[in-house]
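Features of the protein shown, as given by TrEMBL:
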{"type": "BINDING", "residues": "GLY11, SER12, GLY13, LYS14, SER15, VAL16", "note": "ATP binding site"}
Amino acid sequence: MRRIGITGGIGSGKSVVARLFAALGVPVYDSDSRAKWVMAHDLVLRAQLLAAFGADTYGADGQLNRPYLARVAFADPARLAQLNALVHPRVGEDFAAWSAQQAAAGHAYALKEAALLFESGAYQGLDKVITVFAPPEVRTARVLARDAHRTAADVARIIAQQLPETERLARADYVVYNDDSQLVIPQVLALHQQWARE
Ligand SMILES: CC(C)(COP(=O)(O)OP(=O)(O)OC[C@H]1O[C@@H](n2cnc3c(N)ncnc32)[C@H](O)[C@@H]1O)[C@@H](O)C(=O)NCCC(=O)NCCS
Ligand SMILES: Nc1ncnc2c1ncn2[C@@H]1O[C@H](COP(=O)(O)OP(=O)(O)OP(=O)(O)O)[C@@H](O)[C@H]1O
């Protein structure tokens, strides 16, 4: 089974494109939601996060205090690197177990959706990588329309902490253009037809 990564900057349309592949029956692993799951359920990781980020990391209900962690992590690259160093290896293990199940189920390929596929090194375990492209101004407008709690400054800071668009495009095996320059569904269908039968 081929393991294909799908990445792109915040608001590029990774989730929309991943949902199109899912509609075609392709298994999709969402790194963002799985990262939050392991942060909430892995007891060793919980202890590490509490030691690194303090008691406010989890609320009284035991749930991850995402606004607190976002504020601390996104304000300081060193703290963000510390968070990533704790979380990403666990997400890698979780993905390995998940993708083995998909291979056993007989799928021709599976997708791993991750905002930080290159930044986290997770691309190394994959056969190919798709980058979903949209220019920063389009991505910012989409995120502001989607996330009421985010300001333009928040989005700019997150974009600044992510890989430059040019590098994400150069390192991709395939690009899905989600910048209104062309329809997205035909691009997804063309890639699916290439992998579904191999
Ligand atoms: C810090 C957290 C709790 C903030 O959660 P919150 O729901 O407020 O933001 P969300 O997860 O939607 O992130 C918003 C956007 O920021 C970007 N982003 C997320 N995590 C990171 C990160 N570690 N480094 C840089 N950018 C990131 C992504 O583009 C994401 O779409 C969350 O981002 C997190 O747990 N990050 C660490 C785990 C991780 O790296 N997840 C991504 C897996 S690839
Ligand atoms: N081509 C498009 N036209 C209009 N809206 C779009 C388009 N593509 C995505 N969107 C919208 O833009 C927002 C961002 O898309 P999506 O959530 O798929 O991006 P993402 O890359 O997964 O973002 P994040 O990194 O924040 O998870 C969503 O509200 C989505 O509905």
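Each residue, glycine too, has its Cβ placed from N, Cα and C.
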CB contacts for VAL16 (ATP binding site) [other CB atoms within 10 A, all chains]: 14
Near-site residues: ATP, ref GLY11, SER12, GLY13, LYS14, SER15, VAL16, CB cutoff 8 A to centroid: GLY8, VAL17, VAL132, ALA134, ARG142, ASN178
Most Cβ neighbours inside 10 Å, all chains, among the binding-site residues GLY11, GLY13: GLY11
Cβ-Cβ distance under 8 Å to SER12 (ATP binding site), same chain, at least six residues away: VAL132, PHE133, ALA134, ARG139, ASN178
Count of other CB atoms lying within 10 Å of the CB belonging to LYS14 (ATP binding site): 26
